[in-house]
């Protein structure tokens, strides 16, 4: 067992370094050219945030592997060189909360500040906003912790009289296991109903911070994740359905390009008018609504330009470009089908394991256990994949709802075209939802992740917190997740196969 523990520590160190390089790779390849060689502090925050988010997801499989390293020991402390998972969980999620509620807002306020102001003024403005937010959050946390920061465990109070220790154990059997003339006198099943009682104790402050952050993340995860679990694979499949079937003629290309050029000039004029309003200080609700409309139309215009370039490839390698376009859509279909299978498996698992009482089957839990029996880390890898898939679904859901709903800001993630404010927003969303993804996975895969530090934090403490436990007792988030997934499925079944019609001339609200 010692060799396995050493290997686990080495793997954890190597994976942490690899994750850091993956975060750097994503930043370099997704960043917008306008942010090259500048905005270094927001970039540092993005790298740290992505690293923490990815490691937090990988910590649950690591927690399971850490438990397996000690599965033949009486308790985890009896093993040497195992990872202190409970401490690591609390450290990671405190860092997560600091990044989400303090560091990322500060970086966004600074990055989005008026470029005409000096660096000192932008820093001061960002700091004022963050300090005000920190004071409000601190007061809310302190008041809530003082009033309801306790956990209530339902326990059964058992007692018995003292008996003389026997000189012989020959009289004990499965039918008579107790020191008593009465059969099964010591069994808890014979205890009266009034033996049930509530054992209350105050939760630690770090655990309470993690719990409240999990609640906020769970609301966002339920909305974005429920929509994303359906729109992620279906979006890829219907993208293949709506793909360009053939290369258009030059005259068609000129006609479409001319229309897009007119649309681009209209958007430029609208953006300049909004910029003038911003400089004059008239930033009311109408202004924000118009900004959202311009952002949406600009995003759709970029998609139209990309689609036009796909339908009429140019240059010496036009045929090769068209061939790669066709292969790209085939790849979307393949990944869409695979994703649809994973999404169906997720929804089915939630229904039959979490919503049905008692569970019909442990389903994915059994699959992971069987995969572990084939090869030690195969089940752990599959487990990590299902957790990561939920996180990707959250981003897909946020993108879809951002295009459909006025009150949700659009922050697209595009290869080689992502501005730092969109990067920071999505990293904050990932960090906030990663806590809920871990809690959700720890609950959904309770059989596979049993006896882990995550189960202790998310399965016992969180679900026993006063005032919060009822959200988990009645599976509010799970029902909401499944309901939104089904509604999104119906939406795609009705509207998903249709091509988006041109919106006509762009108009701002008066």
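Every residue gets a Cβ built from N, Cα and C, even glycine.
TrEMBL annotations:
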{"type": "TRANSMEM", "residues": "6-28", "note": "transmembrane segment"}
{"type": "TRANSMEM", "residues": "40-62", "note": "transmembrane segment"}
{"type": "TRANSMEM", "residues": "90-111", "note": "transmembrane segment"}
{"type": "TRANSMEM", "residues": "123-148", "note": "transmembrane segment"}
{"type": "TRANSMEM", "residues": "208-241", "note": "transmembrane segment"}
{"type": "COILED", "residues": "257-311", "note": "coiled coil"}
{"type": "TRANSMEM", "residues": "333-355", "note": "transmembrane segment"}
{"type": "TRANSMEM", "residues": "375-403", "note": "transmembrane segment"}
{"type": "TRANSMEM", "residues": "423-448", "note": "transmembrane segment"}
{"type": "TRANSMEM", "residues": "476-495", "note": "transmembrane segment"}
Legend entry - the transmembrane segment (90-111) in contact with the transmembrane segment (208-241), cutoff 8 A, at least 3 CB pairs, sep 6+: yes
Inset, instruction - Residue list, the transmembrane segment (423-448) vs rest of chain: Cβ under 8 Å, 6 or more residues beyond ends. - result: 27, 30-31, 42, 45-46, 49-50, 52-53, 56-57, 59-60, 64, 93, 96, 99-100, 104-105, 107-108, 111, 210, 213-214, 216-218, 220-221, 224-225, 349-350, 353-354, 362, 364-366, 368-369, 379, 383, 386-387, 390-391, 394-395, 398, 409, 411, 413, 454-455, 458-459, 462, 472, 477
Inset, instruction - Any chance you could find the range in 6-28, 40-62, 208-241, 333-355, 375-403 with the most Cβ pairs under 8 Å to the transmembrane segment (476-495)? - result: 208-241
